[in-house]
Structure formats: C-alpha cells, structure tokens
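Per TrEMBL, transmembrane segment is recorded for 60-82, 88-113, 134-159, 179-205, 217-235, 241-263.
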Amino acid sequence: MENQQDDFFYTEDNLPQPQQDFGFTPTDEFANIRTQGYSVEFGDTFSSSWDFMKPFLGQLVAYTLLCAFSYLALTFIIPQIVSFMNSSIGYVVGAIVNLTVISALLAGFYSYFEKIYNKDKFSFQNLFDGFEYIGQLALYQLVFVIILILPSLLIIFALDTFSAFNPNFKSLDADLLSYGLIGIPSILIFTFYIFTPILIVLAKMNFWSAMEMSRKLVLANFTGVLGFVIGFTLLNILGLLFIGLGTLITIPFTFAATFILYVKLVKKNGASTNFSGDFYTDENAPLDAF
C-alpha cells in the first residue's frame, strides 16, 4: 500500500507532491481563477481520483457501509425515540438528527483525504473527524434544505393550481412532472454549494462564508461544475442498479473526485494558502461584490 501511495504522489503530473504545510484556503478568495476562469477536466479528474483512492479502497468501502447502516438505523430508531411527540414533529426531529449525523459522517471523507494528500499520519479513525465540525455542517444542511424546499413548494403549488383548472390533466402525469421539475432546481442548487462541506472541513470556515465562497467559485464555471455533478450523479445511479452495492465504491469515489477538483482549483489559483484565511476583509476579498 505504501508503494502505491508513493507512486501516485511522485509521478502524477497534474497532482504534484504537496509542499510541507500545504493549506487549502486561498486567502484572496480565488481571485485569479474567478477572473480568468477555469476548466473542469472530467476525464482527468476521474482518473486522478481513482488513482488517489485506490490504495485505500478497503477502508473507504467499509466506512461507506458504516454510513449506510447508520442512515438506516437512524431512520428507524429516531422515530421510536421521539414517538412521545406528535407524529409530524417526531418525523421532523428524526429527519434533522439523521441529516446532521450523516452530513458529519460524509464530511469525514475530506478530512481523511486531506491527511493522505499531505502525507500525514492517518488511520480509519480520521474518517470520523467530520464530527469536529458538526455544528457548522448542521447549520449548512438546515439552510440548504430551506433553500431547496422553496422552489419545490412553488412548483407543487403551480402544478396543483394547473390541475384544478385542467380536469384532463392526470394525477400520474402531475406526479411525474413534479418530480422532474423539482429535480432540476435541486441539482442546480446542489451544484452551487458543492464545495461548502470541504470549505467547512479543510478551510475551517463558518457555514455561511463557506456557502458564499462555494457559490462564487462555481459561478466562475457553472456549466463545467454542473457537468461534473451530473456525471457523478449518473455514476451513483448506476451504482444503485447492482442492488446498491456499487455505491460502496461510487460514493467514496465521488467525494475523492470533489476533493481532487478542489485541490486542482487551489493550485490553479496560485495564491498563498493557509487554514484560516479571512475571505471577508477588504484586502482579502477583492471579488466579494459578486
């Protein structure tokens, strides 16, 4: 395993060996690539991500399986714990707890990949480091869900109104159309905030600053990042076709690809980096206006 790791870090042209104390926070708010633009090389990121995670595939698959069991367990256990509440309230509490725990578990992938990339000592336990940021991750998930719900409610209301005035419009057609229309804004919103968890974990940013930074970074090449999101969404759907077992590989692969893409953007930006950059001061946020 150690030889495989060294081969990757020392021979991969597009991901050179990191310097000591390499950070993941450009203190100039990604000014260079936001003004000059950047490309998302899907094929190159795909192959680089696979080479990056392949030596550690066993641990990653085991951890993904743990995340899946945790999700299923919380889905069934939390409603029982809060059964003394009103059923609607209990469902909401269960959903919030589940979403918070799972978001912390999944964010652990980034902490794990950071250790590997910087050649720090790491272990399976590092995959649980996402819980150190559970507060900010929970706030992000809450705001993200609210942003996601608003267009969904508008779409459902519009379809219900249309159905009321058009008796020939079948309920099945309305359901299929609503799923399609809700799916589109969901993918778009997710694309804007794809880098939020990695900014919270690696750049130690608060949730709102991370959301804004992700949005601004994605705006510099929205179509490229959208293609990246759609590509890996389809890959995970493909993983579901094999009784869901394929997702044990496609899920960590998706997080590895997001990490590699972020590292590429940091390197392309070329700015000095640290772990506590303030994006929102006048001297460090030259593009804060958009």
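Just so it is clear, glycine is given a Cβ too, placed from its N, Cα and C backbone atoms.
Proximity of distant same-chain residues to the transmembrane segment (60-82), defined by a Cβ-Cβ separation under 8 Å and at least 6 residues beyond the stretch ends, is recorded for 53, 89-91, 93-94, 97-98, 101-102, 105-106, 108-109, 124, 127, 247-249, 251-252.
Contact between the transmembrane segment (88-113) and the transmembrane segment (217-235) is absent: fewer than three CB pairs lie under 8 Å, with pairs separated by 6 or more positions in sequence.
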